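Chemist: Take a look at what Swiss-Prot says about it:
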| type | residues | note |
| --- | --- | --- |
| BINDING | N10, E385 | Mg(2+) binding site |
| BINDING | K17, H207, L208, G209, N210, G211, D281, A282, R283, G329, I330, G331, E332, N333 | ATP binding site |
| BINDING | R90 | substrate binding site |
| SITE | H179 | site 'Transition state stabilizer' |
| SITE | R240 | site 'Transition state stabilizer' |
Amino acid sequence: MSNSFVLVINSGSSSLKFAVIDSVSGDAVLSGLGECFGLSDARMSWKFNGEKKEISIEGDDSHHKIAIGKLVGLTEELGLAQDIVAVGHRIVHGGEKFTKTVRITEEVTQEIEKLADLAPLHNPAGAIGIRAAVEAFPSLPQFAVFDTAFHQTMPQRAFTGAIAKELYTDFGIRRYGFHGTSHYFVSREAAKMINKPIEESSFISVHLGNGASVCAINNGESVDTSMGFTPLSGLMMGTRCGDLDPGIIEYLLKKGWSQEKVFNSLNKASGFLGVSGLTSDARGILEAMEEGHEGAALAFQVFTYRVSKYIASYLAALDSFDGIIFTGGIGENSMPIRREILKNLKLLGFVEDVKGNEDARFGNAGVIATSELLGAKALVIPTNEEWVIAQQSVELL
């Protein structure tokens, strides 16, 4: 073992993902999940050396605090504690305040809490995780890595909304973007695959999972992205609507819908689930399509068409074009969805490598198509956000 391990924590509103990452290799030495926090069946499971274990979480204290407290004993029991040099926290929203990874102090934690209005489901939970980890691991330096940070290089023309200026100056309403850590990682890996310096490489990165976003990366920097002020905008997703005429919200309110009902529908009952009337899972959509389900077929078409439209529009943001990167659970594994997206981009001249597309699944990277017209490639690259968090934490030691 080397003294290069980082405990990476991703604290959700009712869950806690954790991993001990080797910051040199990117390997997850230990990985686990705490879930159902706040409920009677709260539990915590982990995987170490191929063996899985699960325990119940009981007690009157915060379940986040209890779970992170148990990590102290667990890392000692597994012989990992002495090699952990830092704790890295994934924080969803850094606003305009945090443009890069920072070492956590009380002031930083308070600033993260102040940004709760911009990410009410995520930032309060992130701050709870930070406070619990600082108490549990007082001797370890701790760092915050922000999903929004990579997108802080967007030019003003990309992040500015066409709205009254005071909505930005008074309320901070602008495009922030998310999945930044993922887009950052895969763009660096893509540059290595095509043997070019990242500073001279330009890609359109497509992160497709239950949440989904596209990012235009020009000479290694984010210059535009599909998610905006919140993770609700942009692409159609598992249960989220993506881009929508805002007049629809007023229309539904006038029809007697409550604000809560409107936004619950747009966040939790739209996307794949809403269009198909069946499921939010892309695998279920594809299976139902094969059985002739019309709603599933329509959801597939709407989803892939919208991704293709975003890719095509982001060519306007680039000075050159080296390729498209597919990542995220769907992007890394769904051959039919990748194929349909590239098929829609027929004017770009991508020719599928059928074997390459079949092989680039289940954790395997690869080239799945090439455009002789543009000299660009379509790549599949598994994301590794935890490794980025570990690396950026170690860099600040």
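Glycine too: its Cβ is placed from the backbone N, Cα and C atoms.
Have a look at these and tell me how they're positioned relative to everything else.
Modeler: DSSP assigns N10 (Mg(2+) binding site) to a strand segment in the three-state reduction. When Cβ atoms from all protein chains are considered, those within 10 Å of N10 (Mg(2+) binding site) total 23, not counting its own.
DSSP assigns I330 (ATP binding site) to a helix in the three-state reduction.
Neighbour count (other Cβ atoms within 10 Å of the Cβ, all protein chains): 22 for R90 (substrate binding site).
Under the three-state DSSP scheme, H179 (site 'Transition state stabilizer') falls in the coil class. Take the CB of H179 (site 'Transition state stabilizer') and look out to 10 A: across all protein chains shown you find 30 other CB atoms.
Under 8 Å, Cβ to Cβ, and six or more positions away along its own chain, R240 (site 'Transition state stabilizer') finds G211, P231, L232, L266, N267, K268, S270, G271.
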Chemist: Using a Cβ-Cβ cut-off under 8 angstroms and a sequence gap of six or more, which residues of the chain neighbour N210 (ATP binding site)?
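Modeler: Counting only residues 6 or more apart in sequence, the Cβ neighbours of N210 (ATP binding site) under 8 Å are M237, G238, T239, S280, G329.
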Chemist: Could you measure the widest C-alpha to C-alpha distance across K17, H207, L208, G209, N210, G211, D281, A282, R283, G329, I330, G331, E332, N333, the residues recorded as binding ATP, and give it to a whole number of angstrom?
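Modeler: Per the listed residues, the maximum Cα distance equals 23 Å.
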Chemist: Please report the three-state DSSP label of L208 (ATP binding site).
Modeler: strand
Chemist: Let me make sure I understand the structure: which of the binding-site residues listed (K17, R283) has the fewest other Cβ atoms within 10 A of its Cβ?
Modeler: R283
Chemist: D281, E332, E385: which of these binding-site residues has the highest Cβ count within 10 Å of its own Cβ?
Modeler: E332
Chemist: Other than its own, how many Cβ atoms are within 10 Å of the Cβ belonging to L208 (ATP binding site)?
Modeler: 27
Chemist: Relative to the Cα of E385 (Mg(2+) binding site), which of the recorded positions K17, H179, L208, D281, E332 has the closest Cα?
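Modeler: In terms of Cα distance, E385 (Mg(2+) binding site) lies closest to H179.
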